[in-house]
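What follows is one structure encoded as structure tokens, with my remarks underneath.
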Amino acid sequence: MRITSTSCICPVLFCLCFVQRCYGAAHHGSIKVTRNQTKHIEGETEVHHRPKRGWVWNQFFVLEEHMGPDPQYVGKLHSNSDKGDGSVKYILTGEGAGTIFIIDDTTGDIHSTKSLDREQKTHYVLHAQAIDRRTNKPLEPESEFIIKVQDINDNAPKFTDGPYIVTVPEMSEMGTSVLQVTATDADDPTYGNSARVVYSILQGQPYFSVDPKTEHYQLYVPESAQVGSAVGKIKANDADTGSNADMKYTIINGDGAGVFSISTDKETREGILSLKKPLNYEKKKSYTLNIEGANTHLDFRFSHLGPFKDATMLKIIVGDVDEPPLFTMPSYVMDVYENAKIGTAVGTVTAQDPDAANSLVRYFIDHNTEEDRYFTIDANTGTIKTAKIFDREETPWYNITVAASEIDNPGLVSHVPVGVRILDVNDNPPELAREYDIVVCENAKPGQVIQTITATDKDNSANGARFHFSLDEGPSLNPNFTLRDNEDNTASILTRRRKYSRTTQDIYYLLVLISDGGVPPLSSSSTLTIRVCACERDGRVRTCHAEAFLSSAGLSTGALIAILLCVVILLAIVVLFITLRRSKKEPLIISEEDVRENVVTYDDEGGGEEDTEAFDITALRNPSAAEELKYRRDVRPEVKPAPRHHHSSSLDSVDVQEFIKQRLAEADLDPSVPPYDSLQTYAYEGHRSEAGSISSLDSVTTHSDQDYNYLGDWGPEFKKLAELYGEIESERTT
């Protein structure tokens, strides 16, 4: 069996409808571009909004495979500024300008000098401009136009696979499907019928036949179609009705099976073709699908009329869409050293127009943040430069966004993130990690480590990972302390002699030099303060300068102030408490009659024994003077005790021991006294002796026969005393 395929002028079409565009015969006509720049094509209209031009040309098509002796006439350019005096010069640039296409710079006529092949290149993008021949200045803005290569039927259809080897079961019924073959034609399917294919069998008849109507159909899908969207519909005719006409569509093979999917609309019995993956015209311009439609409800009584399914081939044409520029990388990371001069180049971004026109691209930075203003970009080359001087220690990283747009269509913009890393320069010297308050004990021994110091550097580890420590001792060696570099970015301070005295010198200053390992190396100096303190044997600080002691104890100035404030508050509270206690204390109510517990303090000498006004001494002389009941000052009695009656004669005759026992019994039986021991002191000395009293207490109440006249003979020292006693004697006589 031999099957051939030929191009057909009028094939019978399978019922096929599309959402986008269904191509049949293509038509072309003359194109005229006027000032509103609306391009009219017979059969379809496309509107492109362009700047106003004064150009007019009347041909945009050129036949492929032209073999004539003369160059093929393409079209004519004309500017409204051209008055026909030859002052206007026409210039042609773009794809094939000067090699394939030439222009008469005076008339504007364009000719093609070579034979073109549409299957190799379908169109050419060129730019035209009219300039003043005398001044070389443009009379009109540059304009872009496309020359399309018109297809002719110069390609024979070809089978996509082969040779084909199939097997057929014996006793197969007539009409059994054995094989489906596919042939394609490289000619333009959108123009004429050059790409229509008809199948026929040259050898193998009458055992086999081929359906000449089986052919492929075209569906136009733009590359901008969204994934998941419906891009076309297909429908198979079925003479049955109702459920007998229900069918299901499937994609059985084809190179587009992984890019497209098909589902069945049960209401309309159509196959809905959807996009599974994004399209890219520049990578693949067409796909082929083999679609099968089969009835879902089969009646086995009529199975011999089967197979109740049919298949067709669908060719999908990917349409080119003007896309925004595409950056060569999804993101960029660039480096620049800190302290670099303004205008230093950081790096370059590159973007290209993915379309066949390959338009020029312009670059700019989206100044949405303050960081974006630290850089500038060359609009033509995409080179990024610094606009300010950077400090890595302040900001080590910047993020900016670069945008690219086509010159011909500025509305199509793409963006790319750019990260700029600021590289470190050794511009910061090392310094001590913190301030140290070092204490050395008076009983320290030579070679004793009293402090370990560390350093830090604002630069990164590449310019400051290794620190070197040393002492700035000058010409003479420090006799008190030395420094040891531990070679691990630390250093130890050691004592150099034995014993230190606070009374001799309580503070020492040590100058330390620190350098880094950067290029070039940087260094700095710091002064350490060492205080001398008295310490215990185990090294604990006992006492030293106030500031050093507090520092060693870990007390800050704020903590000290807080402690002192608390002490002052406590003292104030104590003083206030004592003051309140004193102010609330009630004064003692002293009974003039209770002489036993009344202590009177005199600050003057008084009048001696003759002063009888301050105190009644008779109570001490005779207990009968205090015979009546005396109450306690601190207790109010609730029961009035029975009065005690004593005869003076009995008091005179009783002895002291009996008197004390009597008073003790009265105190024990008295209900007005508190339930605690009460010490009572009695000054009664008992009954007078036969010799009489030798006390001078009776001198104020008894008469004396003493003669004081002799005092006047004692001299002037006793004159005053003699006058006093003389007055007494005179009073007595009167």
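Using N, Cα and C of the backbone, Cβ positions are placed for all residues, glycine too.
All annotation found in TrEMBL is predicted automatically rather than curated by experts.
TrEMBL has this to say about the protein:
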DOMAIN    79-159  domain 'Cadherin'
DOMAIN    160-214  domain 'Cadherin'
DOMAIN    213-327  domain 'Cadherin'
DOMAIN    328-432  domain 'Cadherin'
DOMAIN    432-549  domain 'Cadherin'
SIGNAL    1-24  signal peptide
TRANSMEM  559-580  transmembrane segment
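For the domain 'Cadherin' (213-327), the DSSP-based tally of helix, strand and coil residues reads 10 helix, 54 strand, 51 coil. Residue counts for the domain 'Cadherin' (79-159) under DSSP, helix first, then strand, then coil, are 0 helix, 37 strand, 44 coil. Each residue of the domain 'Cadherin' (328-432) gets a DSSP state, and the totals for helix, strand and coil are 5 helix, 47 strand, 53 coil. Taken as a whole, the domain 'Cadherin' (432-549) shows an average pLDDT of 84 in this prediction.
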